[in-house]
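J.: Heads up, here are the entries from Swiss-Prot:
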type	residues	note
BINDING	D51, Q59, Y64, V104, F139, D308, T349	FAD binding site
Amino acid sequence: MDPQINPAITATANSHDGPIETDAVIVGAGPVGLFQVFELGLLEIKAHIIDSLAYPGGQCIELYPDKPIYDIPAVPVCTGKELTDNLLKQIEPFGATFHLGQEVTLVNKRDDGRFDLETSKGTRFITKTIFIAGGVGSFQPRLLKVDGLDQFDGSQLHYRVRNPSAFAGKNLVIVGGGDSALDWTLNFVQDGPNKAESVILVHRRDGFKAAPASVAKMKELCDAYEMQFIVGQVTGFEATEGQLRSVKVTGGDGVTRVVPLDMLLVFFGLSPKLGPIAEWGLNIERKQVVVDTEKFETNVPGIFAVGDINVYPGKKKLILSGFHEAALAAFGAAPYIFPEKRIHLQYTTTSPKLHKVLGVETPVFD
């Protein structure tokens, strides 16, 4: 399931002694963080990437590696894993170094304008610029609060689907009313390698915060007796011999029903946690970092924020928007890296210089 990262990348990350001096540090290895490497690389700016996960890809890999994504330009459909793998391949020419499984714990500005940065594993950097591309920060799933249920977390209680095949042939209860709950419900009901034995969807009300087409399809499957939908909330459970056997679902009518299961999947969304980012002296609005829209720079010169972590008038949380932000942020950062150099806009279609950077031959047209 993990993305196809070159083992030499992580080996390089482990070979440093003392502070690492670099042009740029990118905090977050999701799609926007990875594309930030590409845009910086075109300007010959070297970058190191830090992520709290043990693998690149961010939410795409952690939350929906197998879900289809339809809004990437010129790519009619791809999964989160495919998008991550393609981005990793795209940035290979730039030799970015990954520092995975660690979080940034300290950022201080030096007298010379650069930044001291340290991670939870003690990795230290001296960098000219910082790019925060950490999605919604360090995100955690919102938990189903039923006393004692957490003992089954990771065995029969799941807040993420890492391996869909593990649920094939099982009796599933899925709790939630958003896109993730509906998408996985449809995935496990319909014919395919991951088809479950049975699926019961539980939501506290009859309304959903999901795509109308998904809701309509779910109701169609219920009418065909291929699955069941129950309006109610999980208020308890039954277990024997250390195994979760059923959940108790209390409906709006006050009646509690016992629902047998093999696996319980809960999709209540994410609880964003900015963590140490909140202590960097940045302007923060509703747990998002305020930026300008010229360079996507924060109120601290030299620190940029791209992707879902930032906020500005008209902000849309789309991967496409993050790619655009990464391009402008790279140009905005260039004067910090090359203060005496004038940066010219070049095109990968025609620039021999960029072709050399990318390691490709310049085409010759008749």
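Backbone N, Cα and C atoms are what each Cβ position is placed from, and that goes for glycine too.
Fair warning: this is a prediction, and the values are worked out from it, not measured in the lab.
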J.: Taking the Cβ of V104 (FAD binding site) as centre, how many other Cβ atoms lie within 10 Å?
T.: 25
J.: Using a 10 Å radius around each Cβ and all protein chains in view, which of these binding-site residues has the most neighbours: Q59, T349?
T.: Q59
J.: Indicate whether Y64 (FAD binding site) is helix, strand or coil by DSSP.
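T.: Where Y64 (FAD binding site) sits, the three-state DSSP reduction gives coil.
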J.: Give the number of CB atoms, excluding that of D308 (FAD binding site) itself, located within 10 Å of its CB.
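T.: Counting Cβ neighbours of D308 (FAD binding site) within 10 Å gives 26.
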J.: Per residue, counting other C-beta atoms within 10 angstroms of the C-beta, which of the binding-site residues D51, Y64 reaches the highest number?
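T.: In terms of Cβ crowding, the pick is D51.
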